[in-house]
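Some features that Swiss-Prot has for this protein:
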{"type": "BINDING", "residues": "His166, Asp167, His170, Glu182", "note": "Zn(2+) binding site"}
{"type": "TRANSIT", "residues": "1-11", "note": "transit peptide"}
Amino acid sequence: MPPTVRQGIRTVGTLRVTRPSSYVLSSREFSVLNRPPPNYPGHIPLTTIERGALAVGSAIGSLLNPRRADLIAALGEATATPYFIYRLRDAMLSNPTGRRILRDRPRISSKTLSVEYLRSLPPNSVGRTYVSWLDREGVGPDSRETVRYIDDEECAYVMQRYRECHDFYHAVTGLPIVVEGEVALKTFEFANTLLPMTGLSMFAVMRLKPEERERYWELHLPWAVRSGLASKEVINVYWEEELERDVNELREKLGIEKPPDLREIRKMMRRQKKAAEAAREKYQN
């Protein structure tokens, strides 16, 4: 074999494939020990692998314990990018009220909403309905987790706004915070916002009792899909400006159909169950 050919073979045999220097540099810059600076206060940048792990872990954890609001919040942030939270942000940008919300950046908390003022409003007003729901469920406006894992600062606010408005959705629909009520409301939110977390939360229906699952499939699922698709996008509601409006008028304006009172249904079912047990014991004795 000619020397030049042998030399060429040796040269090919010693070739090494190297990554572009820019790729190596970016990988070094974005490691667990050396992250890029946050884009806003409290922001925690994540790699694609970390975001996937967060999504899987929080999904499993929240399914095992649907009351873990922190895991549900993490699941919402991990699955909202790269598409869905931008779609929701664009829906706000295409709406005059949504644009004002993005410009004003209002927050919903006990510091921005006076509970005393809300209780002074007419019984059928949005504000009174909201505070009455808070009192009945034993919760407050400060219970929402702060967004940390969404990279875009404006989209982080959109997620925060959705999160802080969640209790208004509860109040307007009348759904309680029991797992059955949360699954029904999350189904409505999925049809209305398309956020993946709201759709994934529907898997919690597996943890419901048989009679609750039957009620979900026959009553709440059809209501949620019908009302969620037909109503205007609730992310564009400036709730702070609707507090004095009649709640039925707002439902009609948004196209939201109120479902049957779930708490009353559950109370009635418990009474019927107790009556049946009492009758059975009386018959046996």
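Here the Cβ of each residue, glycine as well, is placed from N, Cα and C on the backbone.
Feature map: Swiss-Prot annotations on the structure.
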residue : record              : CB count, 10 Å
His166  : Zn(2+) binding site : 19
Asp167  : Zn(2+) binding site : 21
His170  : Zn(2+) binding site : 20
Glu182  : Zn(2+) binding site : 19
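Each residue in Phe168, Tyr169, Leu175, Ile177, Leu185 lies on the same chain as His166, Asp167, His170, Glu182 and has a C-beta within 8 Å of the C-beta centroid of that Zn(2+) site, without being one of the site residues.
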